[in-house]
Amino acid sequence: MSTLAPLRLLREPSNASEGNQSNATVGAGGGWCQGLDIPNELFLALGLVSLVENLLVVAAILKNRNLHSPTYYFICCLAVSDMLVSISNLAEMLFMLLLEHGVLVMRPSIVRHMDSVIDTLICSSVVSSLSFLGVIAVDRYITIFYALRYHSIMTLQRAVVTMASVWLASTVSSTVLITYYHSNTILLCLIGFFLFMLVLMLVLYIHMFALARHHLHSISRQQKPTTAHRGGSLKGAVTLTILLGVFFICWGPFFFHLILIVTCPTNPFCTCFFSYFNLFLVLIICNSVIDPLIYAFRSQELRRTLREVVTCSW
């Protein structure tokens, strides 16, 4: 049984026959092209860990009034996106297990409908996760370069509109993706969106790092301590850079998989790469597991609140 339904649909090119894939796999490299057999228990364990971690992050942000700001609201939405990935993954796995063991008996049309709903939920949470990483990067950029005007630029109303727009766009785009997943045009749009967000965040981080280096040079010349606000902003830039690196490592292989589906669906070496699809799924779920750990260790305020939530110190 496989997991992450909408990604399962992209496991292999729809225009590649079974015979071509089998022959290509053998010719591409023998044993190492057999892929990896990932046990379902690993998917289940990672999903549960991700669910608990992201739920704690959401609870901590809701509990602490000091965290009731646009920046942490965006982080909360990112945690919700990761949490929905876990919930959808667990729901799909439970749904399929019940069907396989005959505990749940449903008509094929209803099964297809339920599968489409789960597909859409997972895809929307995945797209929103990437989108909120971009939103958080832009928010941090404004915090650093427009510190005095931040509260007038990023008002609560604009933050709410931004969050609602991301969720709406994610839902619409995921519905289109599930409906036309076999189309190369849709895959190219998904790849383009990923590359756009990646370039956007890289440009912002390079600019922020340039400011950080300039700031350190100023300190060395003047021997003056950094201000708490600027220091916190630069620390936040490092945090987001770590998040971007983790995201690229966890999602890069999957999007490279999509690129190969479009560019070389029947090439032997591309087919060999397709055989490691389950590993790419594990990396995707690991992204949802790692993100909350970064929040907890990089934000002292959030770390303290998480400790209170875990110890039930309400």
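Residue positions begin at 1 at the first shown residue.
Any Cβ shown, glycine's included, is placed from N, Cα and C.
Features of the protein shown, as given by TrEMBL:
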| type | residues | note |
| --- | --- | --- |
| DOMAIN | 53-295 | domain 'G-protein coupled receptors family 1 profile' |
| TRANSMEM | 42-62 | transmembrane segment |
| TRANSMEM | 74-97 | transmembrane segment |
| TRANSMEM | 117-138 | transmembrane segment |
| TRANSMEM | 159-179 | transmembrane segment |
| TRANSMEM | 185-212 | transmembrane segment |
| TRANSMEM | 233-261 | transmembrane segment |
| TRANSMEM | 273-297 | transmembrane segment |
Cβ-based contact of the transmembrane segment (273-297) with the transmembrane segment (159-179), 3 or more pairs under 8 Å: no
Stretch with greatest number of CB pairs under 8 Å, the transmembrane segment (159-179) reference, 74-97, 117-138, 185-212 candidates: 117-138
Six or more residues out from either end of the transmembrane segment (74-97), which same-chain residues have a Cβ under 8 Å from its Cβ atoms? 1, 3-5, 40, 43-44, 47-48, 50-51, 54-55, 57-58, 61-62, 104, 114-115, 118, 121-122, 124-126, 128-129, 132-133, 135-136, 139, 159, 162-163, 166-167, 284-285, 287-288, 291-292, 295
Excluding the flanking five residues on each side, which residues at least 6 beyond the ends of the transmembrane segment (117-138) place their CB within less than 8 Å of a CB in that stretch? 4-7, 9, 71, 74-75, 77-78, 81-82, 84-85, 88-89, 91-92, 95, 162, 166-167, 169-171, 173-175, 177-178, 193-194, 197, 200-201, 204-205, 240, 243-244, 247, 251, 284, 287-288
Could you please provide the mean pLDDT value for the domain 'G-protein coupled receptors family 1 profile' (53-295)? 81
